[in-house]
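Participant: Copied straight from TrEMBL:
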type    : residues : note
DOMAIN  : 5-43     : domain 'L-seryl-tRNA selenium transferase N-terminal'
MOD_RES : Lys291   : N6-(pyridoxal phosphate)lysine
Amino acid sequence: MNAPSHLPSVDKLLQHPRTAALLDSYGKTQCTQAIRAALADARSRWLAEAGSSPDSADALLDAAEHQLQQLFAPRLKAVYNLTGTVLHTNLGRALLPQEAIDAVVQALATPSNLEYDLADGGRGDRDDLVEDLVCRLTGAEAATIVNNNAAAVLLVLSTLARDKEVVVSRGELVEIGGAFRIPDVMTRAGARLVEVGTTNRTHEKDYEAALGEHSAALMKVHCSNYAISGFTKSVPEADVARIAHARQLPLIVDLGSGTLIDMRDWGLPYEVTVRETVEAGADIVTFSGDKLLGGPQAGIIVGSKALIAQIKKNPLKRALRVGKLTLAALEPTLRLYLHPEKLAERLTTLRLFTRPAAAMQQQAMLLQEPLQNLLGADYVVDHAAMTSQIGSGALPVESLPSHGLVVRPSERKRAGRLLQQLEAALRQLPRPVIGRLRDDALWLDLRCLEAADQPAFAANLQQLALGSSGKDGPA
Ligand SMILES: *Cc1c(COP(=O)(O)O)cnc(C)c1O
């Protein structure tokens, strides 16, 4: 159907005096497309509402400009993570230390010795940038780095167990974050899963009975995101290692988070370290770079020289390898671990885990009144003790004492709608604020809002635009 003759043409709008600024900001291709789309919209509206007056050139250009602004706006936005989950997978997991940020900026802007041996001018191996550090920090003989821990598990199984069997306890056939399930990864790696034991109990004799001529490895998987309690038994790594080694088979351990330090030294709950796992006899250990380690997304594989060499020769390694930005970020993060006395100050994730609740309480008390004033009589803002989670499946049952703000609607009958409105308004802020809805209240855990960020946070909140709250008048 043709345009109503009284709508301006695309050419006419492109030559409109207002369009010069749009052309300068956004270029001809996108401006033309946005104007066409605005015209198409206006045309269908005009057809749908017979007799309505067609849009003016200004209204059409407003629509085009709005579209262009959205098209050119960044999609990846900084947000405030007040969910109380420090390593929040949907919000990007670990925040990196300044040393890593600086190194990434440099790697983005300048050539580097990524695969170049500065000692002899020959070709290098990108793993060399971090391998000695990883080995020093874990006690392993060798290491290689891939895109994430899921890739690490895939690569290890594909190398060591293709067309063969891998024995795993039923209690450890976990699913991590929806898309990573041990049985599925096993299939994709071409390995056959042999399940032993029951969901809650697996014994040494179960492993022994499952081993045969097709066995390639025994595997233990850290039950990252769930805990079995009650009548349970699992076989410790050292005992599974002994069973494996008696048959010249390797023990593979997927540690998931994999910490490099004894977290108890920082007053945190205990989590088995990579070093302890290596010392228990694991031949290969895999873990994530962006969980408890506090670095970039990466999968770190450590183990014996011979097995790591075999893994590095798998053609999949080339497909799963990391880019220079990952290595640029990982290397300084690992170097921080060489100096544990300063670690809680420098490693951002550890600094967040170890923030005293009193610091968050002080912040909450400072923010309570300004937030109450912004929200008006529809809401009641309190500060309260709460608990943060480490997140990303690390220590699922452990929580950290924290403090924050709790916002409750002042009227019960409109509570649901008011809460939704508030939650949405916080998401629409220039820097969106993400909290947690629970028990008919919005909880804003201040653990991940460091004191230095507080002024910017308060200024951002001033932009809060709560829509009208409905029949009872404006909020
Ligand atoms: C998190 C986790 C994975 C996946 O690690 P990514 O780095 O997210 O790919 C695999 N196994 C276990 C046990 C985990 O906890």
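Placed from the backbone N, Cα and C atoms, the Cβ positions cover glycine too.
Note: TrEMBL annotation is automatic and uncurated.
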Participant: With Cβ-Cβ distances below 8 Å as the criterion, list the same-chain residues six or more beyond the ends of the domain 'L-seryl-tRNA selenium transferase N-terminal' (5-43) that contact it, or say none.
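Facilitator: The answer is 54-55, 57-61, 63-65, 67-68, 71-72.
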Participant: Under a three-state reading of DSSP, tell me whether the residue listed as 'N6-(pyridoxal phosphate)lysine' is helix, strand or coil.
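Facilitator: The residue in question, the residue listed as 'N6-(pyridoxal phosphate)lysine', is coil (DSSP, three-state).
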Participant: Which residue counts does DSSP give the domain 'L-seryl-tRNA selenium transferase N-terminal' (5-43) for helix, strand and coil?
Facilitator: 30 helix, 0 strand, 9 coil
Participant: Over the domain 'L-seryl-tRNA selenium transferase N-terminal' (5-43), what is the model's mean pLDDT?
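Facilitator: Summing pLDDT over the domain 'L-seryl-tRNA selenium transferase N-terminal' (5-43) and dividing by its length gives 95.
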